Amino acid sequence: MAPHATPAKYELCQVEFEKDDRRDPFNWSVSKKWLITVVACTYTAFVGSAASAYPSGYPSMERDLTSTVLQVTAGLTTYTAGFGIAPLVLSSFSEEFGRRPMYLVCGHINCLRHEVTAGLFCIFFLPIALAQNIATVIIAKFIQGAAGSTGATMVGGTVADIWRTPERGLPMSLYATSVVLPIGLGPVIAGWIENNRHLEWRWIGTSGVYWLILFFLMEETRGPVLLVRQAKRLRKESGDNRYRTRIEDASLPFWLLISEPIVLSFSIWVGFVWSILYALIESVGLVFGTLYPQFNPGQLGAVFASVSVGALIGFITSFWQEKLYRRKVATHGPEARLFFACGGGIVIVVLFMPGRLSEHHNIPWIAPCIGITLFTLGLFHVYVAVFNYIADAYLTYASSALSGQSFLRNMMAAVFPLFVRQMYRKLTFPWASTLLSLIALLLCLCPFVLILWGPEIRARSRFAKHLVALHADH
């Protein structure tokens, strides 16, 4: 029923968007959708680069704060933990109150009714830069991670809010690129900052100008929330409480991670892969510093450009995955999103190259860089497949489903940096990397299993079936 329809005396009025209603985010212009997508993805890029740039400052931070490697590494752990924990709350709130308030709460402090804004994420670079002890850094990094966590799951939900399923492949690939590519760029810049004795770790940060852009350009994208606002306005204006929306009469699931096999299986798969990426962030400097002792901090940071190259190749090749999806979706359903992920899962096994090659001390530096690039390419297709598949399966509640995935993924990534250096030293570079590659080999079976039995698994999920039916009615 349209928002302005009049209900019968004893009949509830279901408030819905009319066909081709321009207030429905799905019906926004393509240019408006792309503007919001780019703004949201830029958000993701900033918070991702902050994570990977941080380890570049370890040497000077250890010296200035009289800390151990484990203590300074804890800053990366708490940052990632903030990423994992906060979305469990924020994503649920976003389903109820909308995306935009969550972006602004995490991105800004609103003083009274004046739109005086300051980025929480950027503000907490200040206590880090002025820190006189490692405890200050650790606490500030946790708050930063929590504030920036909307870039971990909310952006995926935003993309699902405004792009219909057949259109979602390219925007989601852009989102995946904004996640992975800055992880490579962050250390490239931070390495040279660390290499400058007049700058070093206290100057490794980002600009806060972006948050003003976020405030002025980001709009509410969640359709059901817009309908709730319309229903409340109609109830207030008419005095008639029969104006309702579906979402007001539906219960929001809080435990998708443990109750939905789709979310759980994907979370384990992408969680391990994401952990390997953070293991690379920790171990690349150690491996290259050993193999190539002539590398200075700036050159070590430049090695991470391999990650960005892999992300760019992943973005380009995602166009072929999108074409394959369009050809196969009629027969394979959402599982048509997973074809390139199957190949990506296999490619990830080459992650052992940087460590395995360390047996040979005369190899050129470009060889392990190629291994990192191939690993990132595989990770890209795994990552974008997970987000696309979950968005297709959970539609309106994509953010809640993705928040469960994000929690497990980021908590696994938070733990890995704490022991990866010790693991490489105890097992040696070749065997530590081989162990990780064997686990990756086992987990790469996940997309194959879902392609074979995904429809049966989804058929057992009452929640997924309900959402598909709801969207079909819409």
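Each Cβ is built from the backbone N, Cα and C atoms, and glycine gets one as well.
Record features, source TrEMBL:
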- 34-54: transmembrane segment (TRANSMEM)
- 36-458: domain 'Major facilitator superfamily (MFS) profile' (DOMAIN)
- 74-93: transmembrane segment (TRANSMEM)
- 174-193: transmembrane segment (TRANSMEM)
- 252-281: transmembrane segment (TRANSMEM)
- 301-320: transmembrane segment (TRANSMEM)
- 336-353: transmembrane segment (TRANSMEM)
- 365-386: transmembrane segment (TRANSMEM)
- 430-453: transmembrane segment (TRANSMEM)
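For the transmembrane segment (174-193), the most Cβ-contacting stretch among 34-54, 252-281, 301-320, 365-386, 430-453 is 301-320 (pairs under 8 Å).
Beyond the transmembrane segment (365-386), the same-chain residues lying 6 or more positions past its ends with a Cβ under 8 Å from any Cβ of the stretch are 172-173, 175-177, 179-180, 184, 266, 269-270, 273-274, 276-277, 280, 284, 287-288, 291-292, 295, 303, 306-307, 309-311, 313-315, 317-318, 321, 337-338, 340-341, 343-348, 350-354, 357-358, 405, 447. Mean pLDDT for the domain 'Major facilitator superfamily (MFS) profile' (36-458) in this predicted model: 79.
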